[in-house]
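Student: Below you will find the structure I want to go over with you.
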Amino acid sequence: MTAPTSRRRVVEWVDGVSRAHEDRLIAEEPLEIRISAPGSSDRRLGVTMRTPGHDFELAAGLVLAEGVVNSRDDLAGIAYCTDADLTDAQRFNVVTVALTGPPTRTWQERSLRATSACGVCGTDSLDEVETLVAGLPERPVAVDGAWEPFALASLPDELRRHQRHFDRTGGAHAAGLFRPDGTVVVVREDVGRHNAVDKAVGHCLLEGSLREGLPTAGLALCTSGRIGFEIVQKAAVAGVTAVVGVGAPTTLAARLCDRTGLTLAGFARDGRVVVYADPTLDAP
């Protein structure tokens with residue numbers, strides 16, 4: 001399997017002076033995800049460009065977000081493909097997700113790199129996600145109460161402390177799941193922000209903790225960068241209670257939080273945070 005980072009010889013220019021040295025780049029390779037269900041032939045879910053590593057977590061988080069599975073019990077196993085016509089390098093770029101039964105939701109094969117489909121309006125997308133979330137087990141209630149703004153504001157700093165690939169390359173996004181006391185459950189990095197979220201959620205799904213009691217009750221998802229619709233979609237399906245980022249959310253992300261009851265906070269840095277949605281508060 002390709003390493004998550006690699007070295008490359010570069011020439012750096014500063015104030016007209018050049019310096020040759022080695023730098024590190026974040027790895028980016030395609031990952032094809034296939035679905036295997038009892039009594040049917042394998043089907044391709046799609047292809048995503050990702051940083052190699054934690055591929056099974058990525059696949060698990062993605063099939064949850066896409067509604068193919070609802071819980072850990074729906075997963076029989078995840079493995080790299082063993083097709084005879086694949087090269088050794090290709091074998092680690094194809095993952096098969098085996099289900100214990102039929103998929104809980106059908107899908108259209110697509111490229112997962114570009115997910116803003118033409119001809120789909122915001123309302124249609126919101127309705128689809130709301131229907132998907134409604135069919136899941138009840139969202140856990142935070143055991144320590146709602147997330148306080150000051151607690152949300154501190155999460156990006158804690159996330160940053162775990163960004164090892166970003167420190168080496170400057171090219172990796174990160175996503176982490178946190179408990180109400182601010183302690184980290186898991187942090188994952190990837191060249192794609194959506195992939196980092198899927199890896200973090202997939203970790204909890206494979207560990208069997210999502211929506212199965214107190215270990216994940218009241219978790220917050222913290223991401224690097226802005227918060228788009230699909231980040232909130234993944235959070236809503238995973239059952240977390242808050243989403244926070246260092247950047248701004250989009251209009252559709254805020255509307256989805258309103259409809260699914262998630263707390264949404266952006267611009268969380270330097271002791272500042274802007275709360276865009278909070279089911280426990282009335283806007284001033």
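Counting begins at 1 with the first residue displayed.
Glycine too: its Cβ is placed from the backbone N, Cα and C atoms.
Among the features that TrEMBL reports, active site, cysteine persulfide intermediate is placed at CYS118. Sequence annotations record features per position, and here TrEMBL assigns Mo-bis(molybdopterin guanine dinucleotide) binding site to PHE267, ALA268, ARG269, ASP270, GLY271, ARG272.
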Student: What other residues of this chain sit with their CB within 8 A of the center of the CB atoms of PHE267, ALA268, ARG269, ASP270, GLY271, ARG272, the recorded Mo-bis(molybdopterin guanine dinucleotide) site?
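Tutor: My list of surrounding residues reads ALA153, PRO156, VAL246, VAL273.
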Student: Which state, by DSSP, holds ALA268 (Mo-bis(molybdopterin guanine dinucleotide) binding site): helix, strand or coil?
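Tutor: In the DSSP reduction, ALA268 (Mo-bis(molybdopterin guanine dinucleotide) binding site) maps to strand.
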Student: Could you say which of the binding-site residues ARG269, ARG272 has its Cβ with the most other Cβ atoms inside 10 Å?
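Tutor: Within the set of binding-site residues, the most crowded position is ARG269.
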